[in-house]
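The structure appears right after this line, and notes come after that.
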Amino acid sequence: MEFISPEGLRLDGRRPHEMRQLHAEVGVVAKADGSALFEMGNTKVIAAVYGPHEVQIHSQQLHDQALVRCEYSMAAFSTGERRRRGKSDRRAMELSLVIRQTLEAAILTHLMPRSQIDIFVQVLQADGGTRAACINAASMALADAGIPMRDLVVSCAAGYLNSTPLLDLNYIEDSGGGPDLTVGIFPKLDKVSLLQMDSKLSTDLFEKVLTLAMEGSKAIAEYMRQMLLENTQKLAFARGTLKR
Amino acid sequence: MVALSAAEVRFIQGGIAHDLRSDGRGRYHFRPFSIQSGVIPQANGSGRCKLGATDVIASVKAELGRPPAGRPKHGSLVISVECSPTAAPEFEGRGGEDLSLELQRALERSLLGGPSGAGAAIDLSSLHLLEGKVCWVLYIDTLVLSSDGNLLDALSIAIKAALNNTGIPKVEVLASTSADEDPELDVDNEESSPLDISRVPITITLTKVGRHYIVDATAEEESQMTAAVSVAVNRKGIVSGLTKRGGIGLDPSILADMISVARHVSQTLIPSVDAEIAASESRAAGS
């Protein structure tokens, strides 16, 4: 299948190094301590954070750090083909684990011993790159909840199809059979906290694709930071602590 | 879970007795609500309803299926409710399943029109394509994103918005050769026709707190309820479904009274829901 036209455009009209339209909102779930909506093109994810609060299952309590838990779920209407997915399917469990580990690395858990932080991620629409969108949404929700973090965690995917590195694959490109690489970074510390790739890729190409994904992540980080700043300014105006 | 102190409980109960609730509403007033149509572009139709801090999404997907047994000239509706853990940590894992099932059954009662399908929200014969062979099956999937009481009413509003937003693709049945073979269909996704939603009911839940009952209870008020009755009413004031939930028994005379109050409330609520749906449709078309 041709993923890139002779003019160098992808199936949805993007250039190989172009990201989809980003949209983020903070504070979308009124009852949660922190929440965020994150959209990358047609992929749409909501994350809610509850906590830090008392540990619910006493035996899970950690005496020197906070317990971080994560649950990933997909809405029945999120995929093109309607399908009911259980919360306990293996893909969902793996994703919950990946999201939890990636974010736990950023949270200053030692500041909140004997407490628990719940992260819930809900996919409303899946069109490729859900892993990255989930991490970005959860990261913003944690920031909205005021949970102390080393840095934002930002994630972006990249792939390699028709001998071209492509940024931010959509569903059709994702199912194209080429390698799909998801990276999660701390943009300010310049460190990688998540790295996953399937299929095969030569080492020098891998480096190219990885650099592309990292650059994409940094662009997303810029946007996320700006959205969080705008939200904080809005709150400060509302409170009267910031004057125009 | 809502944790309330004794003073808060008395404040809520006293307010309801004096027809002035904690948020300034009277007993029969709904919270302000907003509707957003077409939030899920992948679906045939979708709607999101925010009622106070309650937030729900409904999507409609039309798929070709077989007509229900014994009703060869009907299509069918399938409803599902999911409670996302984003709404409350208790919904984690299998925690939301009881509530999902309760809401799903209540919606099925008011929308599916019983075993004969006669009182269904959508005219089921309009979903019929080829007798006994093929029909449209409308999958109505709903998701609770944020919960602050009165989920059932919010779900029914979101479903109405989603059905109003739904376009059924045009289908041409190509002449099939024999009665045994599966017919060939030509689905044209470019052209679609809207559904007739004039019969779709809105659910109005009356929650009994102390000696009085209120509409559109918040999570705090619901925690103090002794019983709740959900009445599905359509635009003509016809009751198409009833569910009583919770707690103590109700006097039959109170029940009749509650139904008439629900119908009365529906006379102002349904036009405002319809106006909001029309406004959100024109917003969605404009953007």
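Note that Cβ sites are derived from N, Cα and C of the backbone, with glycine treated the same way.
Annotations in TrEMBL come from automatic prediction, not curation.
Listed in TrEMBL:
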- A:18-148: domain 'Exoribonuclease phosphorolytic' (DOMAIN)
- A:151-216: domain 'Exoribonuclease phosphorolytic' (DOMAIN)
Reduced to three DSSP states, the domain 'Exoribonuclease phosphorolytic' (A:18-148) has 36 helix, 44 strand, 51 coil
Residue counts in helix (H, G, I), strand (E, B) and coil for the domain 'Exoribonuclease phosphorolytic' (A:151-216), per DSSP? 18 helix, 27 strand, 21 coil
Whole-number mean of pLDDT values that fall within the domain 'Exoribonuclease phosphorolytic' (A:151-216): 94
